[in-house]
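Some notes on the structure that comes next.
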Amino acid sequence: MSKRNQTLGEFIIENQNSFKYSSGELSKLINSIRLAAKVVNHEVNKAGLVDIIGAAGDTNIQGEDQQKLDVYANDKFIQTLTKRNIVCGIASEEEDDFITINSQDENHQNKYVVLIDPLDGSSNIDVNVSVGTIFSIYRRVTPLGTPVSIEDFLQKGNKQVAAGYVVYGTSTMLVYTTGHGVNGFTLNPAIGSYYLSHPDMQFPEDGNIYSVNEGNYLDFPLGIKKYIKYCQEDEGERPYTSRYIGSLVSDFHRNMIKGGIYMYPKSTKNPKGKLRLLYECNPMAFIAEQANGKASDGFNRIMDIEPTELHERVPFICGSKNMVEKAEEFMRNN
Ligand code: AHG
Ligand code: MN
Ligand code: MN
C-alpha cells in the first residue's frame, strides 16, 4: 500500500511487483529519469543567474528555435539513460532521429525504449514561468540484442508501459503511471528526495477550466470555435473560466487537479495541430486515462492512433471526461 510522504525510491521498490514484466529494469529506468530530472530542476532554478536563458542558436528538425535549456535538458536525459545502460533506444524532440544504444553488443538485453520531450513549454523559460519534461516508455518489439529500429518507436500509445511528466513549478513534481493509476511526488529541494504528495490522482469528471491558445481562434475548426463559445456562454450553470499557461505540462497538471480541458486543435498555421503524438500527446493521454480523464484528437482516442513518423503532430483535446466528450460532440456535429 502506498503511503503519503513515502519517498519515490521506496514507492518504486514497493510497487515493482505490480509491473507486468517485473525484472527491476523499469524501476531502474524510472529511477534514472528521477535523477536526471533533479539535475535539470537545479539548472532550471538557476536560470537568470547563469547564462542558461535564451536561444541556443540552432533549430530542431521541426524548425523550432532551440533554447539553451532545451539543449541542456536533452543532453542530461540522454546522458543519464545512456550511461546507466538501461534502455536500448531513445527518441527526443530535440534529436532528428532516434538514438540506438549498444547496438554492437549482442548480449545487450535491455528491452525498453524511451521517448522524451526534455523541456516542454520552453518559450516560458525566459520569463520564469513553469516548464516541464514529458516521457513515454515502451517495450521494444524487435528482438533483444539487435539494434533498435523505427518500429520500436512507432507504437500506438495503448502499448505504453509507463509515462510521466515532471513539472518545474513553484515546487517540482514528478507524476507518473505504470498503468496502475497516477501518483504525484513533490521534490523537497533541501533533501533532494521526492515524496508521495498526490496519491492516486484523478481528473474530476467535470470541470470549469478551458485551456486553449485563443489567439488562433479564427483559424480553428468550426466545432472547436463553437465549443469555445459554449464555454463562454454564461447560463448560470456553466461558469467556465479560461486558463492558458502555454506549457502543456503545467496546463494539464492544473486541469487534472482542478478539472478542465486542454485543447491544441489544428489550425491553418498548424494543419495537423502542433503537439507531437509520440512524446507529448501519448504520454499525457496515458496519464489522463489512468486518472479517469480522456484524450482525443477530436474524433478518435489518441492512444489508438497508428503513428507513422517520429515527430508527427496531432490535434489534442484532453482532460475531464465530460468536457472532452462535449468537445467531441461539437466536432462531430459541425
Ligand atoms: P515545446 O516547448 O516542447 O516545443 O512545447 C510547447 C508546446 C506546449 O507545451 C504548449 O502547450 C504549446 O506548445 C504552446 O503553443 P502556443 O505558444 O502555440 O500556444
Ligand atoms: Mn513540448
Ligand atoms: Mn520541448
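Cβ coordinates come from backbone N, Cα and C, glycine included.
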Per TrEMBL, member of Glu93, Glu94, Glu95 binding Mg(2+) 1 alongside Asp117, Leu119:
Glu93
Of the candidates Glu233, Glu237, Glu280, which does TrEMBL annotate as part of the Mg(2+) 2 site that also includes Asp117, Asp120?
Glu280
What does TrEMBL list, out of Lys83, Lys156, Lys159, Lys274, as binding the same substrate as Asp120, Gly121, Ser122, Ser123, Asn213, Tyr244?
Lys274
Given the binding-site residues Asp117, Asp120, Ser122, Ser123, Tyr244, Glu280, return the subset with CB under 6 A from an atom of ligand 2, ordered by sequence, or none if empty.
Asp117, Asp120, Glu280
Ligand 1: which of the binding-site residues Asp120, Gly121, Tyr244, Glu280 have a Cβ closer than 6 angstroms to it?
Asp120, Gly121
For Glu93 (Mg(2+) 1 binding site), the one of Tyr244, Lys274, Glu280 that lies nearest, given that the binding-site residues are compared by Cα:
Glu280
Checking the binding-site residues Leu119, Asp120, Asn213, Glu280: which ones have Cβ within under 6 Å of ligand 3?
Leu119, Asp120
Number of other Cβ atoms within 10 Å of the Cβ of Glu93 (Mg(2+) 1 binding site) across all protein chains:
25
Would you pick out, from the binding-site residues Ser122, Ser123, Asn213, the residue whose Cβ has the largest number of other Cβ atoms within 10 Å?
Ser122
